[in-house]
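Enquirer: This is the structure, below, for whatever I ask next.
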């Protein structure tokens, strides 16, 4: 049964200005009807054409999370959010980000006046054998060493690195407008609830190689949730600046 997941923002220790909503999705091919309507009814045929049943269900759940986060901010938003190139268009003055996997969908939103960029990602734990095979496609050897000092499980460390870079790319895509491979950023430190990624090349005029961004993370069960939330007050042009995610006073 589909159910809202409470306390995600607290789990990540996010700023109180951020609204983060999450849905636990049913397993298998169970239909995720909402108010008796199917994904096609909610989203319109044009938005789901070519999507599998699984993809439609996850897509709908992500849009529901976005609507819920906006509602918690007191924003009267269209549902579902309009889209361009299948990317959601957020209401004026709002930043947001959506992610989903087979078991969880999440979305966060915050005032654009308070935040420079947002990125959220959720990933299911990668199988240990797969993690071993794809590690060097996702990270460098130095990153593996850095992560496994704190997270000795190879599958968990690889899943976290994959998700953290996805969250970063989502946050910075509105500025770079280009897709980057996983080696365009590298982890330089990892602690219990946060890690720091450093850009290894220039992404755009305002995000140069050497810039650092903090990523918050938390484990739900077999999923990892990562978030990049860069306040307007962050010195984003500094090559050594870490864009802090949790600054309640901001």
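A Cβ is built for glycine as well, from the same backbone N, Cα and C atoms used for every other residue.
Pasting the feature list from TrEMBL:
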- 47-110: domain '4'-phosphopantetheinyl transferase N-terminal' (DOMAIN)
- 55, 63, 99, 100, 121, 166, 170: CoA binding site (BINDING)
- 118-208: domain '4'-phosphopantetheinyl transferase' (DOMAIN)
- 121, 123: Mg(2+) binding site (BINDING)
Enquirer: List nothing but the largest Cα to Cα distance in Å, as a whole number, among the residues 55, 63, 99, 100, 121, 166, 170 that the record says bind CoA.
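Expert: Answer in Å: the longest Cα-Cα distance is 19.
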Enquirer: Would you mind checking how many other C-beta atoms are within 10 angstroms of the C-beta on residue 123 (Mg(2+) binding site)?
Expert: 21
Enquirer: CB neighbours of residue 170 (CoA binding site) within 10 A?
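Expert: Its Cβ shell of radius 10 Å holds 21 other Cβ atoms.
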Enquirer: Within 10 Å of the Cβ of residue 63 (CoA binding site), how many other Cβ atoms can be counted across all chains shown?
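Expert: Taking every protein chain into account, the count is 23.
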Enquirer: Take the Cβ of residue 55 (CoA binding site) and count every other Cβ within 10 Å, whichever protein chain it belongs to.
Expert: 13
Enquirer: What are the sequence-distant neighbours of residue 166 (CoA binding site), meaning same chain, six or more residues apart, C-beta distance under 8 angstroms?
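Expert: When sequence neighbours closer than 6 are ignored, residue 166 (CoA binding site) has 99, 119, 121, 123, 226 within Cβ distance under 8 Å.
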Enquirer: Give me the long-range Cβ neighbours of residue 100 (CoA binding site): same chain, 6+ apart, Cβ under 8 Å, in sequence order.
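Expert: Sequence-distant Cβ neighbours: 25, 58, 59, 61, 62, 106, 122.
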Enquirer: How many neighbouring Cβ atoms, not counting its own, are there within 10 Å of the Cβ of residue 121 (CoA binding site)?
Expert: 27
